Structures are given as structure tokens and as C-alpha cells.
Amino acid sequence: MEDYSNLSLKSIPKRTCRIIFRTATILGICTLIVLCSSILHEIIHLDVSSGLMDSDDSQQGIIQPIIESLKSLIALANQILYNVAIIIPLKIDSIETVIYSALKDMHTGSMSNTNCTPGNLLLHDAAYINGLNKFLVLKSYNGTPKYGPLLNIPSFIPSATSPNGCTRIPSFSLIKTHWCYTHNVILGDCLDFTTSNQYLAMGIIQQSAAAFPIFRTMKTIYLSDGINRKSCSVTAIPGGCVLYCYVATRSEKEDYATTDLAELRLAFYYYNDTFIERVISLPNTTGQWATINPAVGSGIYHLGFILFPVYGGLIKGTPSYNKQSSRYFIPKHPNITCAGKSSEQAAAARSSYVIRYHSNRLLQSAVLICPLSDMHTARCNLVMFNNSQVMMGAEGRLYVIDNNLYYYQRSSSWWSASLFYRINTDFSKGIPPIIEAQWVPSYQVPRPGVMPCNATSFCPANCITGVYADVWPLNDPEPTSQNALNPNYRFAGAFLRNESNRTNPTFYTASASALLNTTGFNNTNHKAAYTSSTCFKNTGTQKIYCLIIIEMGSSLLGEFQIIPFLRELIP
């Protein structure tokens with residue numbers, strides 16, 4: 001039987017797309033050249049002496065065929081443009097769905113043989129394959145998206161079963177074939193460094209009998225081997241999941257105070273239940289970074305690389321510290337005037353990256369980049385963001401949406417609104433020297449925080465506060481010009497609607513300048529923490545759904561329980 005274990009699902013539609021697009025474009029250009037040549041030939045060979053200037057009738061008789069030819073040329077060009085821009089992409093999506101479905105049938109039907117495959121192929125319901133990691137409404141959309149009622153789905157996230165300890169730090173990744181999910185199971189209390197185990201699962205989206213999606217768990221592994229993995233981030237890759245964690249042996253504050261880097265681990269979990277873990281060593285980090293932490297939010301698989309969001313502390317006086325210490329990013333709120341001169345505000349913004357509580361380390365965001373060509377690689381690189389384009393280092397999430405790269409950064413510093421960036425770095429030429437990002441201007445949504453960096457803070461100050469609450473862009477957030485607010489930009493998620501306390505979890509949709517629709521729970525004092533949101537579309541019904549994962553306070557079993565909420569989003 002043929003071995004499908006090395007079959008790359010992504011390569012099929014991409015290769016098909018390139019061939020069809022290039023062929024159509026070349027044919028269109030050739031047609032235009034031929035028609036233009038024909039018209040020019042007709043013009044050049046006009047017999048001017050035969051009476052072109054003699055009478056209006058003769059002029060009209062000569063010009064009219066040219067006009068008709070030009071009309072035909074324009075009509076043909078419009079048809080080619082319509083075919084290339086609309087018809088062909090739709091057909092590609094249809095072909096792609098058929099290919100995925102056929103492959104799934106081969107792996108799950110009579111042709112499947114577990115002795116020569118990496119396990120049964122995981123694949124979402126066909127109605128969802130082409131509705132994932134796409135912009136879900138048009139860029140020109142400027143309406144008010146609203147949430148439908150909570151949908152009663154079976155939870156794919158196991159809860160704590162003991163009053164001691166808690167479950168925390170969810171990370172969720174979704175690609176065209178399957179999803180991956182992980183969280184930390186803290187055994188004694190709910191402190192970051194307490195002894196813990198790690199839960200990791202993968203599964204698929206299925207259509208329920210009630211005509212809405214459910215998340216079916218297909219594979220799970222519970223890592224209870226005595227290794228205290230923390231701050232784990234997950235990424236779905238072809239064939240399975242990748243888990244990136246650091247091993248905690250001391251508190252976060254102690255991690256920043258020392259120069260002895262904690263152990264970093266990269267684990268691969270495949271369809272056939274194979275689990276392979278590597279300890280990774282990053283070049284040019286020892287002696288420069290005090291600590292390196294996975295940034296909790298999910299990573300991405302892009303152009304043969306696995307990318308994870310990272311943050312940590314740079315040691316003063318090192319080359320990395322010196323390179324970044326003069327850089328700072330200072331977004332502006334148009335309706336808020338900050339005290340002090342511009343130079344004073346700039347100085348405050350620059351100093352906001354260095355945190356006294358964390359032994360005066362410079363808090364830095366970065367991306368861990370690992371080639372997937374060696375699927376069990378321990379060869380990874382850490383590439384820093386340019387601090388003149390992003391805020392102080394913090395937890396975050398990476399996205400690939402319509403082949404564009406984006407980055408959410410937790411608002412842990414003085415800017416209280418959600419931080420979302422377009423990544424402009426080109427990975428097609430290999431690992432870059434630095435990550436370039438462009439801020440998506442937005443003054444929503446707030447997060448709770450301590451003074452002087454509470455929920456209404458937009459002026460430079462030195463603090464470390466806030467809470468992780470990633471966003472999901474519903475349409476293209478690209479501004480019309482540099483740092484110009486896009487009035488049509490819409491995004492969704494959940495936030496903690498309180499000035500300073502981690503309470504009152506609330507679902508929202510927002511524009512760059514206003515909350516558009518909010519719905520919460522009856523108890524506005526209910527405790528909560530991290531939130532993570534992922535929206536997608538059923539391309540058959542055209543319905544949009546948002547999966548919103550929230551760490552909800554629990555008074556019975558542990559301090560927190562992680563709950564997945566599913567709602568339809570109505571544009």
C-alpha cells in the first residue's frame with residue numbers, strides 16, 4: 001500500500017494555486033499583447049492620403065473600427081480580471097476541499113493501514129476547512145457585529161477534579177486540518193512556579209446535529225513525568241502539535257534576578273501518538289538574557305518554520321541590551337493629553353522597558369524560530385522585535401491570517417488598550433536578524449491594571465500590570481496610511497471589564513475607537529484571568545463563530561477553571 005506519511009497537505013493547494021494563477025495571468029497578458037498589436041498595425045497602415053482629412057465621414061469610418069476594437073479589448077480585460085480575481089480563487093477553494101476530503105476518506109476508510117501511516121488523518125468537517133485563519137468580513141465592512149447566545153457545546157477542556165491546585169494558562173492553535181490545545185495543571189496552589197503537570201490535546205471541528213460546530217478531541221497526552229513545564233505555548237503543524245515550555249525551578253522574580261537561564265523544551269506530538277521532546281539551546285542568549293519565557297499565546301507554522309512568541313529579560317551592559325535600550329515605542333491617543341514636555345514623555349517611554357521589580361532587566365519581546373525540515377530539531381534561533389515598533393516585552397500570540405503575519409502583545413506596560421501589530425518581516429529568505437512590526441492603531445479594548453497604569457492609562461509610566469486577553473481581527477486592519485486609524489477595522493474577543501481588578505469577564509466586538517457590542521455574565525464581580533479568542537466561518541452556511549477560552553474563577557475546585565465558550569457572531 002502507498003505510504004502517505006510524508007504527504008504534505010499544504011503543498012497540494014498551494015502548488016495548484018500557483019499554476020492556475022500564473023497560467024491565467026500569462027494567457028491574459030498574451031491576449032492583450034496580440035490585440036494591442038493588431039490595433040496598432042491597423043493604425044500604422046492607415047492610408048492617410050486616401051482621405052483621412054478629407055471628410056468627417058471618412059474619419060468616422062476609420063476611427064469607428066478602432067473604437068469597437070478597443071471596446072472589445074476592455075471587455076476582454078475585465079473578463080480576465082474577473083476570472084483571475086474571483087472565479088479562479090473560488091474554484092481553487094472548492095478543489096482544495098475535495099482534495100482534503102478525499103485524503104481523509106483514504107486514511108479513515110478501507111485503504112487505511114496503521115502500519116504504514118502516522119495514524120488516522122485528522123481533518124475538520126469540510127464546511128470549515130476554508131473558513132479558518134481568514135478575514136471573515138470585508139475590509140469595507142463598517143457595521144456592528146453582535147454575538148448570538150452561548151451555544152451548548154461539550155467542553156474539550158478537562159477541569160480540575162480536586163479542591164487543591166488549579167488549571168491555568170490555556171494555549172490554542174488552529175490550522176486547516178486540526179487544532180491543538182494545552183494548559184498547565186498546578187497541583188498544590190495556583191502560583192506560577194508550583195509543581196505542575198501539562199495537558200496536551202489535538203482534535204477536529206465537526207458539525208453537530210444542531211448545525212453548529214463542536215470541538216472533538218482525538219488525541220491527548222498528560223505529561224506527569226516530574227518536569228515542571230511552565231508558560232507553555234502550542235502550535236499546530238502538519239501531522240501534529242509542537243509544545244514549547246520552560247522548566248521552572250524558582251519563582252518568576254528569582255528567574256529575572258539570576259543569569260542562569262532556565263531549561264527550554266520543544267516537544268512534538270503526532271497523530272500516531274508519538275511524543276518526542278528536545279532540550280533546546282539558543283545561540284547568543286547565555287550571558288545576555290536573564291530569562292526566556294514562552295509567551296503563552298499560540299505560535300504559527302510558516303514557510304517551513306515553527307514560530308513561537310517569546311519574552312524575557314535582557315541583562316544590562318550586554319550587546320543585546322545596548323542595541324535595544326535606546327529604542328522605544330510611544331503610541332498616542334488623540335483625545336488624551338499627557339503631562340510634561342514631549343522630551344519628558346519620550347524619556348518615560350524609554351525607561352518603561354526596564355523594570356526595577358525584575359532586577360532592572362530590559363523586558364524584551366522576541367520570536368523563537370525553528371526549522372521544521374528536521375522535525376525533531378533542537379536548532380532554533382531567538383530573534384528580537386525592534387523596540388522602536390513594539391511596547392515592553394510581554395506575553396503574546398502569533399497569527400497567520402490570509403497569509404499575513406500578525407502579533408498580539410499583552411498590554412503589561414502603560415498603554416492600556418489591546419496591542420496588535422502587522423509583522424512585515426520576510427521569512428522566505430531564511431531567519432531574519434530582527435522582527436519588524438507595524439502597530440495597528442486602536443484605542444480599544446481596556447484591561448485592568450494598577451495605578452498609574454490602570455484601564456484608562458495612555459501616558460508613559462514605568463509599571464508591569466494587566467492581563468493576557470488576545471484579540472481576533474474580523475477584517476483587514478491595514479491602515480490607509482502610517483499610524484492612521486482604520487475606521488472600518490473590526491475585532492472580537494473577551495476582556496475583563498474593570499478598572500483595576502481581574503473581574504467581570506465580558507464578550508465584545510469593537511472598532512479601533514469604540515466598543516460596539518458587549519455581553520457579560522450576571523455577576524459582574526466574578527473573578528477571571530486570561531482570555532483567548534479564535535473566530536472562523538462555516539463556508540456552507542456563511543455563519544461566523546468565535547471560540548473564546550476564559551480562565552474563570554472557581555470557588556469549588558481550584559482557584560480557576562478554563563472554560564471554552566462558543567458564540568455565533570452576526571455581522
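Just so it is clear, glycine is given a Cβ too, placed from its N, Cα and C backbone atoms.
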N-linked glycosylation site according to Swiss-Prot, picked from N6, N517
N517
Bond partner of C245 - disulfide, per Swiss-Prot - picked from C190, C232
C232
Which listed span Swiss-Prot calls transmembrane segment, if the choices are 26-46, 362-382:
26-46
How big is the gap, in Å, between the Cα of C190 (disulfide bond) and that of C453 (disulfide bond), rounded to a whole number?
25
List every residue in the same chain as C459 (disulfide bond), at least 6 positions away in sequence, whose Cβ is under 8 Å from its Cβ.
I336, C338, A339, Q345, A348, W414, P452
In the structure shown, which of the glycosylation sites N335, N522 has the fewest Cβ neighbours within 10 Å?
N522
I'd like to confirm something. Which of the recorded positions, C245, N272, C370, C463, has a Cα closest to the Cα of N335 (N-linked glycosylation site)?
C463
Mean predicted confidence [pLDDT] for the topological domain 'Intravirion' (1-25)
48
DSSP output for N501 (N-linked glycosylation site) maps to coil
